[in-house]
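One structure is given here, and the rest of the page talks about it.
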Amino acid sequence: MAPVDPHSYTDGAHPVTSHAALAFYLDFAASTIHASALVTLSAPHTGDLLLDTRALAVHSAATASPDSPAPIPFSLAADDDPVLGTALTLTLPPDTASFLLTFSTSPAASALQWLAPPQTASGLPFVFSQCQSIHARSVFPCHDTPAARITYSLLLNVPAQLSAVAAARHVARRDPVPSDHSGACDDALWCAPGRIVEEFEMAQCVPPYLFAFAAGGIGSRDLGPRTRVYAEGGDTLLDDAAREFAGVEDMVKVGESLFGPYEWERFDLLVLPPSFPYGGMENPRMVFLTPTVIKGDAAGAQVVAHELAHSWTGNLITNKTNEDFWLNEGFTTYAERRIVEVVQGEERAALNSGIGWRGLNRMMERFKDNMEFTKLKPKMAGIDPDDVYSEVPYEKGFQFLWRIERQIGRPAFDEFLKKYIANFKFQSIDTETFLEFLKANVPGIENQVDLHEWINGTGLPPDAMEPESATYKKICVLAAEFKSGKIPSEEEVADWSGQEWELYLENLPTDVEASQVTALDERYKLSESRDYEVKVAFLQLAIPTGCRCYFNEVEKCLKQVGRMKYLRPLYSSLARCSGEEEKMLAKRIFSEAQEFYHPIARGVAESILLKHG
């Protein structure tokens with residue numbers, strides 16, 4: 001076997017999936033999808049073919065001949081790998097180019113969260129997928145590696161009172177017909193009264209982790225000629241979202257001016273329920289967002305800028321494996337800040353970079369006992385990507401690209417960036433391919449920047465640079481003065497938004513006194529902030545000081561929002577405390593809130609509590 005990816009059973013000597021025609025019957029009562037997949041390979045194949053699965057029940061496999069389909073022998077491996085899931089082996093007859101699978105998902109599918117009516121704002125059931133990094137295999141059997149790009153069609157059979165969206169072109173909303181489902185379920189179930197089919201088509205090839213859909217009580221508002229916001233939560237949330245993201249169409253135009261044509265036709269946004277585990281997910285044509293980015297001051301547009309930037313770096317050019325994840329996120333963080341610089345100004349972009357610099361230094365501390373994960377290209381065999389997800393590929397990757405820009409100048413770097421995107425679009429590449437392209441197009445760069453140290457070295461290279469801006473410096477000075485008891489005056493913070501407060505809080509010394517923390521909060525009510533970035537940064541500061549008066553706010557936060565950016569620091573802060581009261585609080589909150597969390601977030605919180613006892 002020639003594995004192409006440490007996180008997939010895919011054999012590099014065999015063809016991979018090039019197209020999947022998927023039919024999904026969504027059974028909300030059972031939290032299960034009954035499905036079929038007509039799989040087309042990149043080349044005909046004879047003999048064993050391996051696919052990735054996780055907790056899937058595979059019912060049948062057959063040749064795709066419509067006249068005389070023949071059963072295909074298949075088997076699921078006896079052992080489940082805790083990271084990879086279960087290998088599905090098909091024994092294909094000679095020169096098989098396509099085949100049909102029928103299967104069902106598990107209620108515990110790691111990519112899916114099913115929300116019952118009491119858990120939603122609309123009072124209707126809701127389901128959404130989150131397939132990054134290696135969770136598509138829990139939705140359908142696939143070559144679940146970004147090295148294997150696919151096109152797909154998707155039929156979602158849902159109750160008629162619901163609507164569905166997907167990261168694909170919407171073709172039709174129509175009545176189900178028996179010929180749709182290809183054995184996903186029986187005709188009576190597929191065509192039952194009160195069911196509707198939403199049909200989608202994705203003609204551009206994407207890695208499997210960008211497969212995405214959602215279904216529930218979803219409404220929408222137009223933002224521009226190719227932008228629309230969708231949400232589960234009613235008119236008020238939609239109105240708030242439309243105001244927050246009003247400038248998205250202009251952002252797309254800025255992205256095109258910087259990076260070349262926008263290749264995905266539409267850039268729509270879906271605001272998900274609060275349990276969504278990420279800030280945003282860059283699914284092409286339909287970005288998924290947490291409602292916590294809606295802050296009422298357009299600051300959430302910066303998360304959107306990041307997901308938009310992925311339209312070029314990550315979606316158009318994709319990392320070949322998770323060991324090359326910085327190619328997605330480092331480039332996108334750089335591109336995001338270039339968009340923000342045009343839309344909101346240089347100071348705002350520099351402030352973003354300052355927050356990122358602080359976060360990167362925090363990650364160096366987090367991984368001080370396992371410096372492998374401070375590399376841009378770490379070895380990941382046997383490692384669950386969710387367990388080591390961090391700001392390193394984002395911020396160290398940004399620092400690397402910024403270092404090259406400083407060396408050759410922005411005009412030359414911009415020319416390189418456009419050439420890079422045009423050359424590799426709709427491809428998945430590794431770090432070595434990028435470096436070869438860099439050296440070929442920027443002659444002598446390897447003599448000016450230590451490329452090996454940046455990619456393979458641990459920690460921060462000596463030529464990494466703290467960002468410079470007047471606002472950033474002022475905030476850092478004020479944060480340093482806090483140690484001696486100085487709280488910033490109302491005049492000094494008069495023009496601060498959430499980002500300024502976030503940067504201030506994250507630069508405060510960790511060994512502050514409880515009295516200082518409470519005095520700061522009494523003046524500025526940070527623990528009650530509607531901006532979760534501020535609220536969580538403050539609570540993370542307060543927990544180690546023993547300020548038990550904030551435990552109620554910590555509990556509310558952990559029970560209201562399932563975003564891992566907030567769960568990870570709050571559970572970690574509680575679990576690391578020396579006192580038993582904090583540890584017991586963390587365990588009680590988790591036991592009461594875990595059904596609210598997406599499976600990915602639940603696993604992360606569990607591992608934190610397990611690690612710190």
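Note that Cβ sites are derived from N, Cα and C of the backbone, with glycine treated the same way.
Keep in mind that TrEMBL annotations are predicted by a computer and have not been checked by a curator.
Among the features that TrEMBL reports, active site, proton acceptor is placed at E307. Feature annotation from TrEMBL assigns active site, proton donor to Y394. As annotated by TrEMBL, peptide binding site applies to Q130, C131, Q132, P277, Y278, G279, G280, M281, E282, R563, M564, K565. The annotation Zn(2+) binding site is assigned in TrEMBL to H306, H310, E329. Taken from TrEMBL, the feature domain 'Peptidase M1 leukotriene A4 hydrolase/aminopeptidase C-terminal' covers 470-609.
The distance from the Cα of E282 (peptide binding site) to the Cα of E307 (active site, proton acceptor) comes to 5 Å. Around the Cβ of H310 (Zn(2+) binding site), the same chain contributes E282, N328, T332, each under 8 angstroms and 6 or more positions distant in sequence. Reported as a whole number, the C-alpha separation between Q132 (peptide binding site) and E329 (Zn(2+) binding site) equals 13 Å. Proximity note: of the listed recorded positions (H306, E307, E329, Y394), H306, E307 have a CA within 10 Å of the CA of G280 (peptide binding site), given in sequence order. Between the CA atoms of Y278 (peptide binding site) and the residue listed as 'active site, proton acceptor' there is a gap of 11 Å. Report note: the Zn(2+) site is defined by H306, H310, E329, and the residues of the same chain whose CB lies within 8 Å of the CB centroid of those residues, excluding them, are E282, E307, A309, T313, G314, N328, F331, T332, T333, A335, E336, Y394. Of all the recorded positions in the list Q130, H306, E307, E329, M564, the shortest Cα-Cα distance to the residue listed as 'active site, proton donor' is found for E329. For Q130 (peptide binding site), the Cβ neighbour count at a 10 Å cut-off comes to 25, with all displayed protein chains included. Spatially close to M564 (peptide binding site) yet at least six residues away along the chain are P277, Y278, Y389, I600, A601, V604, judged by Cβ distances under 8 angstroms.
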